[in-house]
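Contents: one structure, followed by commentary.
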C-alpha cells in the first residue's frame, strides 16, 4: 500500500491559499458569463410571468382546469424566486469575485436556505403535477373523489413544506469562514501542511467566504446527500408515472376503436379530444423529466464534489475540475427554470397562441363554450347544405323509409298500449293521414335528418 505522503511531505499537491491566483478567471470570461446570465435572468422572469398570465386566461376561458392552473402558477412562482434570490449573488459573488468575496453570516445562511427551498420547490412541483395527472388518467374514479380546491392546496402546501425541510439543515451548516479550516475529528491527508495566518486565525482572515462550516461538516454532508436522493426519487417517480399514463391512453384508444354505433361514435370523438389534451400534458411532463435530468445533473455533481471530502483535502486537480464545472452547472441549472415556458409552448399550440397574444397585449381567445357552439353551428350548416343538394330519388327513398319506420314504431306503440290497457278505446288514427305524420314528426328537423341519414 502506497504511503499517503508519497506525492510530497510538504502537501504541495493539496490546495492552499497560495494557489488562488492560479485559478483566477480571465476578465473577458467574467464579462461573457455576466451577459449570459443577464439574458437568462430577463428571459426567465419574463417567460414565467407571462406563463402565470396565460394560465389564468386559459382557466377563465374554460380551456384549463383550475387544479392544473394552480400547479403551473406555483411552479412559475418558484422559478421566479430562484432567479430573484440566486442571480444577484451569482452576478457578483460567484462570477466576479468567487474566491475573495466578503460576506455576512446572516445573509449567507438566508441566501443558502431560500435558494435551496425555491430550487427544490420547483423539483417537487413537477412531482405533484405529474401525480395529479397520473391519478386523473390512470385512476379517474379516485380522481373524482380526490380532486378539488382543498386537495390542490394540500399538494402545493406539501411542496413548499417539504422543500423547506430539505433546505433547513443549510441554516446550520452554512456560514462565513476561511474554506480551508481543518474539520474536527476528520482524518485528513497525512502530510506536513504549511501553517499560515488564514488557517491559524480563520476568524480574522480576509479570505473568508460563504461556505460550509467546518464545525457542521456532518450536517452539510447529510443535507447534500439527502437532497440528491430526493432528486433521484423525483426523476424515477415522474418517469414511471409518465409511462403508466401512456399505457393507460393506449388501452383507452384500443377500447374506443372497437366501439360501434352512432352514440358510441359520439363518445369516441369526445374522448379523442380529451385524449389529445392529456397526451399534450404527458409530452410536457416527459420533456420536463428530460430537462431536469440534463440541467440539474451538473449542479448535483458539483454539490456532491463539495460534500465528498472537506476542502482541506482537495488537490489542485480536484479544485480545478470544480472551478471548471461551476459556471456550466450554474448555467444549466438556471436554464431549467427558463425552459418551462418554452416547453409549454412546444407541447401546446393553444398555449403558444395565447402566449403570443399576451406578449402583444391583445387577447382574442374566445370562450371554450362559444368555440364549441360555433363548431356545432358550422357542422349543422354543412349538414343542411348537403341535404339540399341531394338527388330527388335519394330524398324520396328517405321519405319512404321514414314512413315505413314510422308505421312500425306507431304499430308497436299501439300494440303495447292495447296489451297494457285492454279496456281502453282502440286507436282510431289512420297511419296514412296527415295527423299521423304530424304526431310522429320530430320537433327538431336536424335530428330527424341525422337519424335518417344514419339508418339509410
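For all residues, glycine too, the Cβ spot is worked out from N, Cα and C.
As annotated by Swiss-Prot, Zn(2+) binding site applies to 17, 19, with the evidence given as similarity to another entry. In the three-state DSSP scheme, residue 17 (Zn(2+) binding site) is classed as helix.
The annotation disulfide bond is assigned in Swiss-Prot to 11-191 (among others).
In the three-state DSSP reading, residue 108 (disulfide bond) counts as helix. Residues annotated as disulfide bond in Swiss-Prot, with sequence analysis given as evidence: 108-210 (among others).
Positions annotated as N-linked glycosylation site by Swiss-Prot: 192 (among others).
Among the features that Swiss-Prot reports, N-linked glycosylation site is placed at 206 (among others).
For 212 (among others), the entry in Swiss-Prot reads N-linked glycosylation site, with the evidence type sequence analysis. Reduced to three states, the DSSP call for residue 212 (N-linked glycosylation site) is strand. The Cβ of residue 212 (N-linked glycosylation site) lies under 8 Å from the Cβ of 173, 174, 175, 220, 306, 307, each of these being in the same chain and 6 or more residues away along the sequence.
The phosphoserine annotation in Swiss-Prot covers 397.
The region 'Disordered' annotation in Swiss-Prot covers 406-456.
The topological domain 'Extracellular' annotation in Swiss-Prot covers 1-34 (among others). Per-residue confidence over the topological domain 'Extracellular' (1-34) averages out at a pLDDT of 68.
Taken from Swiss-Prot, the feature topological domain 'Cytoplasmic' covers 56-69 (among others). Secondary structure of the topological domain 'Cytoplasmic' (56-69), assigned with DSSP and counted as helix (H, G, I), strand (E, B) and coil, comes to 9 helix, 0 strand, 5 coil.
For 90-109 (among others), the entry in Swiss-Prot reads topological domain 'Extracellular', with the evidence type similarity to another entry.
Here Swiss-Prot flags 132-151 (among others) as topological domain 'Cytoplasmic'. Beyond the topological domain 'Cytoplasmic' (132-151), the same-chain residues lying 6 or more positions past its ends with a Cβ under 8 Å from any Cβ of the stretch are 66-68, 70-71, 241, 244-245, 248-249, 278, 281-282, 285.
Residues annotated as topological domain 'Extracellular' in Swiss-Prot, with similarity to another entry given as evidence: 173-217 (among others).
Annotation comment: Swiss-Prot describes 243-283 (among others) as topological domain 'Cytoplasmic'.
Among the features that Swiss-Prot reports, topological domain 'Extracellular' is placed at 306-323 (among others), with the record citing similarity to another entry.
For 345-456 (among others), the entry in Swiss-Prot reads topological domain 'Cytoplasmic', with the evidence type similarity to another entry.
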In whole Å, note down how far the CA of residue 17 (Zn(2+) binding site) lies from the CA of residue 108 (disulfide bond).
21
Quick check for me: are there 3+ Cβ pairs below 8 Å between the transmembrane segment (284-305) and the transmembrane segment (70-89), leaving out pairs under 6 residues apart?
no
Tertiary contacts of the transmembrane segment (70-89) (same chain, 6+ residues out, Cβ under 8 Å):
37, 40-41, 44-45, 48-49, 51-52, 55-56, 111, 114-115, 118-119, 121-122, 125-126, 128-129, 132, 149, 152-153, 155-156, 159, 334, 337, 340-341, 344
Under 8 Å between C-beta atoms and at least six residues away from its ends: which parts of the chain pack against the transmembrane segment (324-344)?
33, 36-37, 40-41, 43-44, 47-48, 50-51, 54, 72, 75-76, 79, 82-83, 86-87, 90, 94-95, 98, 119, 122, 284, 287-288, 291-292, 294-296, 298-299, 301-302, 305, 351-352, 355
What does the structure give for the C-alpha distance between residue 210 (disulfide bond) and residue 17 (Zn(2+) binding site)? Integer Å is fine.
16
Summary of DSSP states over the topological domain 'Cytoplasmic' (132-151), given as helix, strand and coil counts:
17 helix, 0 strand, 3 coil
If you draw a 10 Å sphere around the Cβ of residue 108 (disulfide bond), how many other Cβ atoms fall inside it, taking every protein chain shown into account?
22
